[in-house]
Amino acid sequence: MSADEQQRYQAQLDEKVDRLSALLSPFNAPKTSVYPSQPTHYRMRAEFRVWHEGDDLFHIMFDQETKEKYRVDSFPPACKTINDAMEKLLNEIRPNEILRKKLFQIDYLSALSGELVISLLYHRQLDDEWEAAAKSLKSTLETHFPKVNIIGRARKQKRIIDNDFVIERLPVKGNEFVFKHIENSFTQPNAEVNCKMIEWALDCVKPLSGDLLEMYCGAGNFSLPLALHFDNVVGTEIAKPSVQAAQFNIEQNRLHNVKIVRLAAEEFTQAMKGKRTFSRLEGIDLSEYNFTTVLVDPPRAGLDEDSLRMIQDYDNIVYISCNPETLAQNLELLSETHDVAQSALFDQFPFTHHIEAGVLLTRKG
């Protein structure tokens, strides 16, 4: 990276740090720890619309301000695997009428492991002729990529040419964790910064003991590494594919103290308070757990008031936020009972407005 690029990167990072610090200042937060990103080739996911122009066909994106389309032949934010695939894929699709007909979008999902899933989205139904062409495409791409899979999507249709997931291997504090990342399910896009987030969370919980509750646990991104520090971990997640991936990940990482339940945060709150029983909690007696710590990684809207009141029951709260504005709103209530002991900024998306943040809250007194 040139000195000019480094300067540009640092300037946008400094602006984010100032913005987060201002939002956290009413809560007497300590100085924010900052975890930078590679300025390019950091994204493990990318999606593009496809534009047809005569015999040509290319990826496009839309300018966020003008809404004008522009051609994208390479995409510096995406990892090198995705960039390599973009050119090679279109070179194969352009002359192939079966693969290009009514193709309107291409999604890429990759991993530090080098695995790749390419999803081709169509405005037409896909038949056996398409599947044969897609298998041939996969064989051709396999000469360049060690493990590549193709998915065809159309209305109410999904054809998978071998797998709809990548197997990721994340290095975290000297351990390697295996994760199945499923196409069209949420995963952290910036794998290297994600590792830093997990390591920060591990540092937060190092002195703690007892059991951990994680809400919005996804495929176990935090639950699994943190299981090494707690007696037991219970994770809640509403998305069925993520729950299934989490079960696979628990087995792959040989963890015996983690349970994932398919409940919304609001439902789990009701179960904890004994207001409702759920068949999905069969075999799990919540009263037997000694939950000392809760980790939440909510969507952009933050936590609802009932969930906030529920997590106030725990001595330690690790809050991962993809929206610092709603984090600050939630802290107004949480700060009645807890102090901000640590704060961190993770630059998941360089050169964008987006901030990923983390705070550790500990009970007052």
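Glycine too: its Cβ is placed from the backbone N, Cα and C atoms.
What you see is a predicted model, and the numbers here were worked out from it, not measured in a lab.
Quick look at what Swiss-Prot annotates:
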type     : residues                               : note
ACT_SITE : CYS322                                 : active site, nucleophile
ACT_SITE : GLU356                                 : active site, proton acceptor
BINDING  : GLN188, TYR216, ASN221, GLU237, ASP297 : S-adenosyl-L-methionine binding site
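Sequence features, as recorded in Swiss-Prot, placed on the structure.
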residue : record                               : Cβ neighbours (10 Å)
GLN188  : S-adenosyl-L-methionine binding site : 25
TYR216  : S-adenosyl-L-methionine binding site : 22
ASN221  : S-adenosyl-L-methionine binding site : 28
GLU237  : S-adenosyl-L-methionine binding site : 26
ASP297  : S-adenosyl-L-methionine binding site : 22
CYS322  : active site, nucleophile             : 19
GLU356  : active site, proton acceptor         : 25
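Of all residue pairs in the S-adenosyl-L-methionine-binding list (GLN188, TYR216, ASN221, GLU237, ASP297), the one with the greatest Cα separation is 15 Å apart. Reported as a whole number, the C-alpha separation between GLN188 (S-adenosyl-L-methionine binding site) and GLU356 (active site, proton acceptor) equals 11 Å.
Other than the site residues GLN188, TYR216, ASN221, GLU237, ASP297, same-chain residues with C-beta atoms no more than 8 angstroms from the centre of those residues' C-beta atoms, the S-adenosyl-L-methionine site, are PHE186, GLU214, CYS217, GLY218, ALA219, PHE222, ILE320. For the pair CYS322 (active site, nucleophile) and ASP297 (S-adenosyl-L-methionine binding site), the Cα-Cα distance reads 8 Å.
A distance of 16 Å separates the Cα atom of TYR216 (S-adenosyl-L-methionine binding site) from that of GLU356 (active site, proton acceptor).
ASN221 (S-adenosyl-L-methionine binding site) and GLU356 (active site, proton acceptor) have their C-alpha atoms 15 Å apart, to the nearest angstrom. Comparing ASP297 (S-adenosyl-L-methionine binding site) with the residue listed as 'active site, proton acceptor', their Cα atoms are 10 Å apart once rounded.
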